[in-house]
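Chemist: Quick one: structure below, then a few questions.
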Amino acid sequence: MENVFDYEDIQLIPAKCIVGSRAECDTSVELGGRTFKLPVVPANMQTIIDENIARYLAENDYFYIMHRFQPETRLAFVKDMHERGLYASISVGVKEEEYTFVQQLADQHVVPEYVTIDIAHGHSEAVINMIRHIKTHLPDSFVIAGNVGTPEAVRELEHAGADATKVGIGPGKVCITKIKTGFGTGGWQLAALRWCAKAASKPIIADGGIRTHGDIAKSVRFGATMVMIGSLFAGHEESPGDTIEKDGKLYKEYFGSASEYQKGERKNVEGKKMYVEHKGSLAETLLEMEQDLQSSISYAGGKRLDAIRNVDYVVVKNSIFNGDKIY
Ligand SMILES: NC(=O)C1=CN([C@@H]2O[C@H](COP(=O)(O)OP(=O)(O)OC[C@H]3O[C@@H](n4cnc5c(N)ncnc54)[C@H](OP(=O)(O)O)[C@@H]3O)[C@@H](O)[C@H]2O)C=CC1
Ligand SMILES: Nc1nc2c(ncn2[C@@H]2O[C@H](COP(=O)(O)O)[C@@H](O)[C@H]2O)c(=O)[nH]1
C-alpha cells in the first residue's frame with residue numbers, strides 16, 4: 001500500500017461556491033431504497049443506541065442500526081417498529097442461535113428492512129454463510145456485512161450477497177485490537193477506506209476513527225456512502241451509558257462491544273471503557289453535523305453530497321489541529 005494516511009493527515013481543497021447560503025446544500029443520502037437526512041449512523045453499540053434512540057432516529061429520517069447485545073428483545077423490537085410504521089434495522093452475529101433467529105423471523109414473516117452482520121473479523125466463512133442464510137430466508141432484507149479492512153474482503157462479501165460492507169478493523173476510540181493483536185486499520189483508516197472503495201461495487205459504510213465532523217466529509221470523499229460513529233455519539237442526555245459525577249462534572253460511560261464490560265468476562269477482550277463528558281441532546285449534535293456537512297458541500301462547490309466525492313485533496317501529515325482545539 002502506497003500513500004498511507006488517516007483523517008488528520010488530509011485536507012480537502014475548496015472549489016468555487018455555487019450557493020448563496022449553506023442552507024441550500026442537501027446532505028441526504030440513499031441506502032437500501034430509503035433516503036436519510038445524513039450519511040451518518042450511530043454505532044450499533046450498547047452505550048450508543050437503545051430502542052428509544054432507534055425510534056427517534058427512524059421517526060426523523062435518520063439511519064440507525066440497533067445493537068445485538070440483548071438478543072431476546074430483537075423480534076419484539078422489529079414488530080414494534082413495524083406497528084409504528086417505521087423501518088426496522090437490527091444486528092446479528094454468526095453463532096448457531098443467530099441462524100435460528102433469522103429462521104424465526106422468516107417463519108413469522110417479520111422482515112427487518114436492514115440486517116447488519118456485526119463481528120470483529122468479517123472476512124470469514126462464518127460471515128459468508130450468514131449472508132447466504134439471510135438472503136435465503138429474508139431475501140427482502142438489505143444486508144450489511146462486516147467488519148473488513150481489505151478489497152479482497154469487500155469483493156468476497158459482496159459476491160456472497162451482501163448489499164453493503166462495513167470497513168474498519170481497530171480504528172475505534174475504545175478499540176484495543178491493534179494493541180492486543182497487531183492487526184487493523186487503526187492509524188490509516190481513511191487510506192483503507194479508499195483502498196476498499198476502489199474495489200467495491202456496492203455501498204461502503206466507513207466505521208470508526210471519526211473524531212471531528214470534518215471527518216464525515218473526508219469519509220465521503222474517499223468512498224463512504226454512510227459513516228458509522230461511536231464516540232461522538234456517546235455522552236448525550238439520551239445515551240444509554242451510565243452517568244457518573246467527578247469533580248462536579250458529569251460524564252457518561254462508553255465501552256467497546258468486545259470489552260469485558262460488554263462480555264461479562266475477560267476472554268478475547270479487544271475493547272475498553274472510557275468516560276466522555278456529558279453533552280447536550282442527540283438532536284443538537286445531529287443538527288450541528290448537518291450544518292457542518294452543508295458547509296462541506298458548499299466548499300466542494302456543489303449543492304449535493306456527491307459534490308464532495310470529486311474534490312481534490314492534499315496530504316499534510318498531522319497538520320489539521322496545528323496545536324489548536326475546537327473549544
Ligand atoms: N470493528 C472492530 O475493529 C472490532 C469490533 N468488535 C466488535 O465487538 C463485538 C464482538 O465481536 P466478535 O468477538 O467478533 O463477536 P462474537 O463474540 O459474537 O464472535 C463471533 C464469532 O466469531 C468468532 N471470532 C471472533 N473473532 C474471531 C477471529 N479473530 N478469528 C476467528 N473467529 C473469530 C467467535 O468465536 P471465538 O470467540 O471462540 O473466537 C464467534 O464464534 C462486535 O460488535 C464487533 O463489532 C470487536 C473487535 C474489533
Ligand atoms: N476493536 C474494537 N472495536 C470496537 C469495539 N466496540 C466497538 N468497536 C468499533 O468501534 C466503532 C466506533 O468507533 P469510534 O471511533 O467512532 O468510537 C464501532 O462502530 C465498532 O466498529 C471493541 O470492543 N473493540
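The backbone N, Cα and C atoms fix where each Cβ goes, glycine too.
Caution: TrEMBL annotation is automatic and unverified by curators.
I grabbed these lines from TrEMBL:
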- 6-310: domain 'IMP dehydrogenase/GMP reductase' (DOMAIN)
- C175: active site, thioimidate intermediate (ACT_SITE)
- 204-227: NADP(+) binding site (BINDING)
Chemist: Running a distance check here. Ligand 2 versus the binding-site residues I204, H213, I216, T225: which have CB less than 6 Å from one of its atoms?
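Modeler: Passing the 6 Å Cβ check against ligand 2: none.
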Chemist: Please report how many Å separate the Cα atom of I216 (NADP(+) binding site) from that of the residue listed as 'active site, thioimidate intermediate', as a whole number.
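Modeler: Counting only the Cα atoms, the answer is 19 Å.
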Chemist: Identify, in sequence order, the residues in the chain of I204 (NADP(+) binding site) that are 6 or more apart from it along the sequence and have a CB within less than 8 Å of its CB; answer 'none' if there are none.
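Modeler: Listed in sequence order, they are V154, A164, T165, K166, V167, L193, C196, A197, G223, A224, T225, M226.
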Chemist: Cα-Cα, whole number of Å: F222 (NADP(+) binding site) versus the residue listed as 'active site, thioimidate intermediate'?
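Modeler: Cα-Cα distance, F222 (NADP(+) binding site) to the residue listed as 'active site, thioimidate intermediate': 22 Å.
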Chemist: Applying a 10 Å Cβ distance cut-off over all chains shown, what neighbour count does S219 (NADP(+) binding site) have?
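Modeler: I get 31 for this one.
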Chemist: What does the structure give for the C-alpha distance between S219 (NADP(+) binding site) and C175 (active site, thioimidate intermediate)? Integer Å is fine.
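Modeler: Cα-Cα distance, S219 (NADP(+) binding site) to C175 (active site, thioimidate intermediate): 19 Å.
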Chemist: Do you know offhand how many angstrom separate H213 (NADP(+) binding site) and C175 (active site, thioimidate intermediate) by C-alpha?
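Modeler: Between the Cα atoms of H213 (NADP(+) binding site) and C175 (active site, thioimidate intermediate), the distance comes to 20 Å.
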Chemist: Who sits close to I210 (NADP(+) binding site): which same-chain residues at least 6 apart have their Cβ under 8 Å from its Cβ?
Modeler: Y7, I216, S219, V227, I229, S231, L232
